[in-house]
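Now, the feature entries from TrEMBL:
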type	residues	note
DOMAIN	27-313	domain 'Gcp-like'
BINDING	H114, H118, D307	Fe cation binding site
BINDING	T140, I141, S142, G143, G144, D173, G186, D190, N281	substrate binding site
Amino acid sequence: MQNSEVFILAIESSCDDTAAAVLHNDKVLSNVVANQLIHNQYGGVVPELASRAHQQNIVPVIDAALRKANVQKEQLSAIAFTQGPGLMGSLLVGTSFSKSLSLALNVPLIAVNHMHAHILAHFIDEEGYDKPEFPFLALTISGGHTQIVKVNSFFDMEIIGETTDDAVGEAFDKSAKILGLPYPGGPLIDKYAKEGNPKAFAFTKPKVPGLDFSFSGLKTAILYFIQKNKQANPNFIEENLNDICASIQHTIIEILIDKLKLAVKETGITQIAIGGGVSANSGIRKRLTENQYGWKTFIPKFEYTTDNAAMIGIVGYQKYLSNRFETSAVVSKARIQF
Ligand code: KG4
Ligand code: ZN
């Protein structure tokens with residue numbers, strides 16, 4: 001088959017979203033995600049419930065992706081799937097399904113590292129979207145990840161900074177929980193922050209050497225701050241919600257920007273590509289697009305920044321072009337070498 005005729009079915013099931021996408025070369029024909037709302041009532045992802053929901057969702061989601069793309073399964077050139085990192089029970093659903101389908105259709109099987117996919121999502125061909133050039137820096141920020149990666153080429157990248165405890169999305173969600181907001185609280189903090197004063201309250205930024213991050217201290221500081229103020233005024237949260245959210249968001253953004261500044265200084269690279277659910281945050285987007293520091297920033301379409309299968313498909317396509325295939329002995333990996 002010629003390279004201009006590559007059709008990839010991509011499957012992502014690393015955490016709590018069951019997703020499938022069909023790509024024609026580097027263009028997305030369909031990108032379907034079934035979110036698992038069941039976790040909202042527990043304030044976080046429950047692994048066993050996630051695996052069960054993947055089992056229920058995977059066939060309808062793949063079916064919908066093929067139908068929307070108007071592609072028959074016999075036309076597929078390869079099956080790409082998320083090998084890890086992620087929750088083992090969740091990964092197993094996508095991996096097993098992908099292995100079976102590749103055997104049944106007699107097409108190659110491609111294993112994709114979920115973190116590489118968040119970064120390479122920038123190479124999905126979209127009209128009007130400028131792709132970064134190698135080398136660039138990728139900031140991956142979500143509920144599960146916080147990393148700065150130096151990306152030298154499609155398959156050569158190195159982590160130069162990462163969180164030593166909570167991910168930045170957890171910092172948003174746990175702060176929101178302290179304020180009594182429902183899970184996931186990140187988008188709500190963003191919403192209230194828009195009406196608030198970011199300088200109303202000062203939270204100390206953690207002192208972490210180099211390019212690594214730490215967010216657990218901030219969460220504790222916020223908890224003590226709220227407890228103390230509620231003792232003096234039981235309505236403290238209600239009366240100051242916008243200002244509290246704006247101040248928390250401001251502190252988190254400053255932590256990220258400080259590390260990016262250092263990464264640019266250390267590497268001399270000024271192209272910054274962001275990915276992960278937290279890149280939906282309006283404060284972060286505003287700060288990065290203001291171009292205060294002379295950086296060129298890349299922010300993909302929202303549906304390609306949160307967990308999705310199109311990003312798995314674009315890595316699948318690149319791997320297909322360089323014949324990086326797996327045998328059916330391939331296994332899911334909860335932790336995976338970057
Ligand atoms: O990438 P994602 O959908 O899933 C993974 O965690 O892999 O990211 C979800 C995270 C959650 O922590 C959520 O609160 C956060 O992204 N998030 C936001 C916003 N939208 C989503 N955080 C801050 N501001 C937002 N607008
Ligand atoms: Zn992710």
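We number each residue from 1, going along the chain as drawn.
Placement of Cβ uses the backbone N, Cα and C atoms for every residue, glycine included.
Just so you know, TrEMBL annotations never went through curation; they're auto-generated.
Sequence features annotated in TrEMBL and their locations in the structure.
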{"residue": "H114", "record": "Fe cation binding site", "contacts (Cβ under 8 Å, 6+ apart)": "E12, S14, T82, Q83, G84, P85, G86, D307, I312"}
{"residue": "H118", "record": "Fe cation binding site", "contacts (Cβ under 8 Å, 6+ apart)": "A138, T140, S142, H145, G275, G276, T305, M311"}
{"residue": "G144", "record": "substrate binding site", "contacts (Cβ under 8 Å, 6+ apart)": "C15, G86, A167, G169"}
{"residue": "G186", "record": "substrate binding site", "contacts (Cβ under 8 Å, 6+ apart)": "G143, G169, F172, D173, A176, G277, V278, A280, N281"}
Confidence summary for the domain 'Gcp-like' (27-313), mean pLDDT rounded: 95
Distance-selected binding-site residues near ligand 1 (C-beta under 6 Å), from H114, H118, T140, D307: D307
D307 (Fe cation binding site): tally of other CB atoms within 10 A of its CB: 26
Per-residue Cβ crowding (10 Å cut-off), top of binding-site residues T140, S142, N281: T140
Site extent for substrate (largest Cα pair distance over T140, I141, S142, G143, G144, D173, G186, D190, N281, Å): 18
Filtered binding-site residues, from T140, S142, G186, N281, D307, whose Cβ is under 6 Å from an atom of ligand 2: S142, D307
Non-site residues, in chain order, whose CB comes within 8 A of the mean position of the CB atoms of H114, H118, D307 at Fe cation: E12, S14, T82, M115, A117, S142, H145, G275, G276, N308, M311, I312
